[in-house]
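What TrEMBL records for 21-42, 82-108, 120-142, 148-165, 177-201, 213-240 is transmembrane segment.
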Amino acid sequence: MKKLVYLYREFTSFEGSLFKYSLAFSLLLALAPSVLIVALLFKYAYLSEDILLNFILHFIPDNNTEMIDQIFSFFTDKDYNITSFIITMCVSFYLASKSIFSFLLISASHEHVEVPKWSIRIKSVIIFVLMAFLFIACAYIATNFFDFLPFIFSGIMLLVFYFMYRTLSFRKRDWSFGLAGAMFSTIGVLLLATLFVMIVTKFTSYQDVYGPLASLVTLLLAIYLISCIIYFGFCLNLVIEDEYGYEQHLPLKHGRFYDLAIHISHKISKLIERK
């Protein structure tokens, strides 16, 4: 019972509400660069964009399919030389990783970790790069086994969320850490994908009320709900651990890297003070 109370407090706290809005805003900012990254990776990996489109179109309302198709066609039909491709990808990875960076700051606050923010920023870019390649591999596998898509997609989502929650933690934990939150987030997002599409298409009049803005309104609502699900899974992972409230006593992951980052930051601070 105490665990439920702690979970409720974490999720509904003032900081928790700010984190949810921050995460939703970060996901929104990361959306366009993420789409560009995935589209370009598919193009330069010589994979058919139909693989990705078929994968995505199962989880959005029918009235958005044409818009999604146009967006991906716009990116994949463009001619990029190698220099512009590298520059575009680097900038896009930096912008898109802001959602991961926001979540890492949340995790650092919960786990009482004090390291330079630029070191967390580096970690966020690395995690996003790994997740981007993981997403493409998963989409390719899922669409090649189309008859078993619901089962494969569920397993892939569980793996992705588990990987994400594990990498978001700055502390060394047991292998089971992240599994409960990953299971909740997987079930939550799958239910949201099914119910959200059904509710929007059959029981609401967004198209009549908002007209051309209907797609944007439904997108914003979906992003907020997804951020709530992901954050709830994050809180669940923290609360069910025996070390809840005492995370600062757990050893730090990648300690050498953060020690070096702290050392560099101190050196820079001293140089600035001398000037």
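Here the Cβ of each residue, glycine as well, is placed from N, Cα and C on the backbone.
Tallying C-beta pairs under 8 angstroms between the transmembrane segment (213-240) and each of 82-108, 120-142, 148-165, 177-201 places 177-201 first. Counting Cβ pairs under 8 Å to the transmembrane segment (82-108), the stretch among 120-142, 148-165, 177-201 with the most such contacts is 120-142. Counting residues 6+ beyond its ends, the transmembrane segment (148-165) has Cβ neighbours under 8 Å at 58, 127, 130-131, 134-135, 138, 141-142, 177-179, 181-183, 185-186, 189-190, 230, 233-234, 237 in the same chain.
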